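Undergrad: Quick one: this structure, given as structure tokens, is what I'll be asking you about.
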Amino acid sequence: MHDFLMVLDLVGTFVFAISGATLGVRKQLDLFGVLVLSFAAAVSGGIARDLLIGATPPVALAQWHYLGVSCAAGLVTFYRCDDVERLRNPVQVFDAIGLALFAVTGATKALAAGLGPMGAILLGMLTGIGGGMARDILVARVPVVLQSDLYAVAALAGAAVVVAGHWLQLPGPPVLLAGALLCFGLRFMAIRYGWQLPVAQHRRD
Amino acid sequence: MHDFLMVLDLVGTFVFAISGATLGVRKQLDLFGVLVLSFAAAVSGGIARDLLIGATPPVALAQWHYLGVSCAAGLVTFYRCDDVERLRNPVQVFDAIGLALFAVTGATKALAAGLGPMGAILLGMLTGIGGGMARDILVARVPVVLQSDLYAVAALAGAAVVVAGHWLQLPGPPVLLAGALLCFGLRFMAIRYGWQLPVAQHRRD
Amino acid sequence: MHDFLMVLDLVGTFVFAISGATLGVRKQLDLFGVLVLSFAAAVSGGIARDLLIGATPPVALAQWHYLGVSCAAGLVTFYRCDDVERLRNPVQVFDAIGLALFAVTGATKALAAGLGPMGAILLGMLTGIGGGMARDILVARVPVVLQSDLYAVAALAGAAVVVAGHWLQLPGPPVLLAGALLCFGLRFMAIRYGWQLPVAQHRRD
């Protein structure tokens, strides 16, 4: 079980890193910039969570796997960016897997650090969406997660399942699985059917 | 006294959240984005202060009031944004109250955490202005506090009064009140009379 | 030796602060905004490193020298910005000195906090480049360090020398000197000969 989670975690890291690297290539960053965006997109959510629960140094700096996997994803994207762009659809699916995994593991880690239900749900969501936000802020654009699609809400739902299961003292693994499946399912349906949140009706003067 | 401070703190949170939500609506974010901007504008200053003094998890994540009040402000603004825009003047006054309160409580908390006078003044100011800076960075615009108006200086002055009072071992409540009144007064006069800081004369080539 | 490092540290702080203030003046920020950019450019790298290793409050808030030196640099730049712009070449050289010094001291501090080799190299680099990234994000532009020039790689190389020396248990001072010289040398050559990293070939649709 633990090895399986580890593999999924590294797959999620790889796919998030690809999203960062792809944006870096489009923005004409140099090789170093592309690698920074890969790493930032992959680990910023987890680093923010670790800082907020006081777990220093963050796992992503203490273990080399995250940097290694992020740089591998960045290098592949840098040198084969057109191939990577052609794979957009499978990448979106893996991204949804990464989101689901990061949200449930983030919430679990926050609960273990003693946070209340609300804090744990927020940190689970932040673990999932923080990387994409950091990626976008680094290239000075409004984070896409604030603008469109059912993305953060899927992470929120997955994290909420984990917290509810903890509250009800249900056994851990099935709760994690249920949370991850709900998050992945919502995100997948949102991609498939274009589900979106409402945008405010604002009369421009 | 404590209850009164608590109420003012939540009023400040509500008003700061409205400033975030209003910007989110103008930038055409979706409902989730508007709520994130509400929460970020309301609590980022306090979260940054708590991280910098090592007080994890930050109060704003450990207690649900802040999220609750921020989301309430965000929902009101999202669904009634034209009404909220019409209330701009009262909102500015409440914003000045929030600024004053956040600056003096932020400086107090930093002193209690053992920071020296300079660090405590800086963290008091950061508690007051950090939310607005995070709000602006999230929509990729230069923080307004860096560009115009006597805003940060008012927070700085309020925090400095608190630190000076602590230095002189004056009793706490009147010092807090004096700091808050100075901050509010400066900010109010700046709005009323358009007080601004100088901008550098820079010959463009 | 310690006094000498202290002087170099403050020189680095001063020069980094000038780079922040110069950008603030160009972006037409007011006096407060220029001082914030000075301070952010000078200390953000060190503050991020201290947060990530759990050393709170960060040195830059606990000691007043950093704020004092940053504000002095900001005021000089604000009132004499045309003179400062004319000194661009010497400023670039001092900036390279600051980068070298911050990278090696950052890596040393991270090793002392118990980080592994990879984490220490990353944090050394971050100490060197974090200030410039914060400065650029605050004015909503893509950090220049992501786009051009051999800048971050020089910091990375300097930090790597420190970590390798620690690994081989070589004596500290000569290793620090070697790391700083390598970083400075790479950066100087990059300025002198326009060394750059590759940019991805991306077919725009």
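Cβ coordinates come from backbone N, Cα and C, glycine included.
In case it helps, TrEMBL gives these features for our protein:
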DOMAIN    B:7-79  domain 'Glycine transporter'
DOMAIN    B:93-165  domain 'Glycine transporter'
TRANSMEM  B:6-25  transmembrane segment
TRANSMEM  B:32-52  transmembrane segment
TRANSMEM  B:118-138  transmembrane segment
TRANSMEM  B:150-169  transmembrane segment
TRANSMEM  B:175-195  transmembrane segment
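Walk me through where these features lie, including what they touch and how far apart they are.
TA: The average pLDDT computed for the domain 'Glycine transporter' (B:93-165) is 90.
Through the fold, the transmembrane segment (B:6-25) approaches residues 33-43, 65-66, 69-70, 72-74, 76-78, 81, 84-85, 91, 94-95, 97-99, 101-102, 105, 131-132, 135-136, 139 of its own chain, all at least 6 residues removed from its boundaries and within a Cβ separation under 8 Å.
Remote same-chain residues near the transmembrane segment (B:150-169) are listed as 96, 99-100, 102-104, 106-108, 111, 117, 120-125, 127-129, 132, 144, 175-176, 178-180, 182-184, 186-187, 189-190, 195-197 (criterion: CB distance under 8 Å, separation of at least six residues from the stretch ends).
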Undergrad: How does the domain 'Glycine transporter' (B:7-79) divide up by DSSP, counting helix, then strand, then coil residues?
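TA: Tallying H, G and I as helix, E and B as strand, the rest coil: 62 helix, 1 strand, 10 coil.
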Undergrad: Are there residues at least 6 beyond the ends of the transmembrane segment (B:32-52) whose Cβ is under 8 Å from a Cβ of it, and what are they?
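TA: Tertiary neighbours of the transmembrane segment (B:32-52) are 13-14, 16-21, 23-25, 58-61, 66-67, 69-71, 73-75, 77-78, 102, 106, 109-110, 123, 126-135, 138-139.
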